[in-house]
Amino acid sequence: MVLLAAIDQGTSSSRFLVFEADTGELVTSHQIEVRQLFPHGGWVEMDPMELYDTVVSCISKTIEKLENLGISADEIKSVGVANQRETSIVWDKETGKPLYNAIVWLDTRTSSLADEAISRTASKSKDEFRAKTGLPIHPYFSALKLKWLFQNVPEVKKAYADGNLMFGTVDTWLIWKLTGAYVTDVSNASRTLLLDLHKRKWSTQLCEFFDLPIEILPEIRSSAEVYGHFDKGPLEGVPLSGCLGDQQAAMVGHQCLNAGQTKNTYGTGTFMLCNIGTRPIISKNGLLTTVGFQFGADSPVVYALEGSGSIGGNVVRFLRDNFKFISDAKEMEGLCRSVEDTSGAYFVPSFTGLYTPYWDSTARGTILGLTQVTQREHICLAALRAVAFQSAEMIAAVEQDLEGGTKVTTLKVDGGMIANKLFNEIQADIMGRDIVTPKITEISGWGAAVAGGIGAQQISLDEFLQQSSEDNRYTPQKDDNWRSAELARWKEAVKRSCGWAQ
């Protein structure tokens, strides 16, 4: 038996998962929730040591479960990493200790730094470097987070002066802690705002513009090769041989390996990736151009257009924790099925701004259309619809950017929210596309495990593609007139939320 394993470190939890190479079947796993810290409004941090410690604990617990099944840990032939992207960590090379909390991708503290950077560009535009990086100048990406750390954390400047400063996204931190290798993969590097997308190298121009030292950045490697081996613990000697940003890992897990194939992940936020092949397309419609994957140093880089949404599972959590409308996410479906519509209510849950296609970090959440008959059921249904509306806007942007009029006819979806069948029906109706759910629920983990297996030569792409991935398919039940009217109303609601925090 060949087992492929994956570390999946996300905004909500750390996981370690073990899959059968031949079938993709999940053999066993362990998950530990991780804390998000909110020291100020708009600030979101995590403890880097907690991220590492929970990963190590998940590995140990999973190995215990594996052995209880009568399976030896020796059957694990490779490990891949899927990680929350953009989240930025600085640490001391000598002590191995973080110099500050991880600044999470959702964090907006660098909004003023983004404005200042935009004002220094020749075009006075957030898109000054989009042709080179595929990204706008925005607080979402790592470059501005690192700049803030240099400006505000004296320990960072001291470590740099002493030649001990290390910086990376979560993948780099974990791989370094587990193997000693100081690397990132090309998919994660493409999320920093420091990568030249065409050369796949750190950009001297961008590092100089943001006043960041290029020499502290990790080595860029492909998504599937041996970076190092576990240096201690129950996996000692096992190759760590795959790495993908979590959304790219989901794209691989869904088998979106050919141009035009598209997936949408509903995690804390919402992330749509459309495979665009080996030539990057720079979006004119508010999408990001990002690296999808590269399976080996000598293989071509495959790119993707990405819609990144700030609205996702965090909306359900908000309804549970802040409004107390539900005590458990599982209550949402029954509650929402008890009403026919939202009674005219529209919920724009832009708590930390809006991403694709608006890129407005000053947008804030709003509920419109409340009347004396509005109940919590209507607000909950409006929340589910908000997530689907956001995805519909992403699909429209993708299709406008795709050359040759390519249509996205099917959307492959994953994430915690798709357990709600009503939500899948809502997606199909609002987007006017077939919605396909996967057999494998841990799709990001599976994608990372496959990358690790390819990197360690334990599985081939052909073997992977022979496996069936589809579970259920939902088809639209509403017509185009209904869809157009609803989307127009949604866009009107979004307008009201934009610019609020200026």
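From the backbone N, Cα and C atoms, a Cβ is placed for every residue, glycine too.
When the candidates Tyr52, Tyr100, Tyr140, Tyr227 are compared with the substrate site entry in Swiss-Prot, which names Thr11, Arg85, Asp246, the shared residue is Tyr140. Going through Thr62, Thr265, Thr268, Thr362 against Swiss-Prot, the one listed in the ATP site together with Arg15, Gly313, Gly416, Met417, Ile418, Ala419, Asn420 turns out to be Thr268. In the three-state DSSP reading, Met417 (ATP binding site) counts as helix.
The two recorded residues, Tyr140 (substrate binding site) and Gly416 (ATP binding site), show a Cα separation of 23 Å. Taking Thr268, Gly313, Gly416, Met417, Asn420 as the binding-site residues under consideration, the smallest Cα distance to Asp246 (substrate binding site) is found for Thr268. As a whole number, the greatest separation of Cα atoms within the substrate-binding residue list Thr11, Arg85, Tyr140, Asp246 is 15 Å. Ranking the binding-site residues Thr11, Thr268, Asn420 by the number of CB atoms within 10 A of their own CB puts Thr268 at the top. Each of the binding-site residues Arg15, Arg85 was scored by how many other Cβ atoms lie within 10 Å of its Cβ, and the smallest score goes to Arg15.
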